[in-house]
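Some notes on the structure that comes next.
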Amino acid sequence: MLHKTLRVLENRATKLWLHNMIYRSSVKKTITTTSYCKIKEEVSKLLALKAQLGSEDAAPQKFVLKTAKGTRDYNPQQMTIRNNVLQKIITVFKRHGAECIDTPVFELKEVLTGKYGEDSKLIYDLKDQGGEILSLRYDLTVPLARYLAMNKINTLKRYHIAKVYRRDNPAMTRGRYREFYQCDFDIAGQYDLMVPDAECLKVVTEILDALDIGKYVLKVNHRRLLDGMFEACGVSADMFRSTCSTIDKLDKSTWDEVRTEMINEKGVTPDAADRIGEYVRLNGSIELADKLLQDEKLSKSKGAVEGLEGIKLLLNYCELLGIKDKILFDLSLARGLDYYTGVIYEAVLTQPIKIGNEDQTIGSIAGGGRYDNLVGMFDSKNKQVPCVGVSIGVERVFSVLEAKLAAGDISVRTSDVDVYVASAQKNFLDERMKICAELWNAGIKTEQSYKKNPKMLNQLQHCEENGIPLAVILGESELKRGLVKIRNISTRQEEEVPRENLVQELKSKIELLDIKEMNGPLAK
């Protein structure tokens, strides 16, 4: 396009120059001021475009080849870990009857605006493309609420696994990224109090037990109790959400730091902050809920009483589900997102994980709660669809497992191939390809060398390096007798079997192999 414009201007400048020469030769007059200005203007444009063209044709500037800040690539070992983790999570979701949905990676900006409180500053906004102002999704919860309202859905049990985006300060070694996966499980619909909420907690425990990444505790609290606590301590109602966001930092900051922020940045009085401090240091079980119901200040707050009664009911249901010993009623748990309306919870590893040469605290690996008013924000008639859900922080789970892989505590098999078709002599490519096709058609995961005459040692080394358990070895003398060899790579034992029985023999041996062990803990 630039070259075409340049040619047009060159032609225009040439015509003006010729016109001026003809004028001067015929009329014998000096060049007029108007003609001179026109020529000067066209030549200036020409020079500017030539300069621009020169800069475009110049060699590209050198830059550091890397992934964008807060993002990363994943090698085959890491992807094997991720896929195994996601499969275990999906298995639990399906066990509880969840259906899968998906939503766009970006939403209209107005869909996301005003849903996340102070965290709204972490939303990635996109440039105007085609007349719509868009933002990358911050989580999977608000898109679900939009989906329910838009499609007039009143009941749904769904899971959703997808990437979300946050313009946050990343901490890569601790699983904190700007692009990361979330695994959500949500129950939408009008049901009896705390029944679906308790099931969400059960889902979390099943997932964390299946992943076996360490000891954990599930902290629970109630937004109505927090609001009642703020009210009893003298915090005005318009400051509840901002104060809640500050309390949410107690898992990363000391009480003194949180107190200072409440006073200096949120406008909470020192006396109110000190009274809040007395409560947020408390944690326990159903006995603590009973004790707080007798508290002089909290017992006068309708919201606090409602929250405490809800916590007691939830803890009773957790006992029925067999997870009481994994639940901790903790008044310091706040969760800063604005859309929560009822019970909130968070799963935290109780022991540090060794990453490199250091012990690091991973922090929250799952969280969620009840959000009964979010769907109504998108409905023209403000029709509410009560919802409760949980999100698994899989990136932190991945970080833990990758650290164990680096430390040699677990092994990873990146290939699912069960059989490798090898040849002991030259010129067996045709026969290898026939057997590969036969095994593929029988549903057996199979590989072979892409070289016409590979060395036997290289073929066996490939099996060992990639964890392929069995090899079919072709030899001239065996084939003449209608036989092939099956080799167990780990034990190096070989067995001759009839060529026509190869598929059945391999299937029988594969069933006896404990392939899953190769993606589990190393033998001690």
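Every residue, even glycine, has its Cβ placed from backbone N, Cα and C.
Residues annotated as domain 'Aminoacyl-transfer RNA synthetases class-II family profile' in TrEMBL: 45-401.
With a 10 A radius on its CB, D139 (L-histidine binding site) counts 19 other CB atoms from all the protein chains. The L-histidine binding site annotation in TrEMBL covers D139, L140, T141, R166, Q182, D186, R335, Y339, Y340.
In this view, Q182 (L-histidine binding site) is surrounded by 19 other Cβ atoms within 10 Å of its Cβ, with every protein chain counted. Site extent for L-histidine: among the recorded binding residues D139, L140, T141, R166, Q182, D186, R335, Y339, Y340, the largest C-alpha separation is 21 Å. Of all the Cβ atoms in the protein chains shown, 26 others lie within 10 Å of the Cβ of Y340 (L-histidine binding site). Non-local contacts of R335 (L-histidine binding site) by the CB criterion (under 8 A, 6+ apart in sequence, same chain) comprise C244, D248, I344, E346, G367, G369. Within 10 Å of the C-beta atom of T141 (L-histidine binding site) sit 26 other C-beta atoms, taking all shown protein chains into account.
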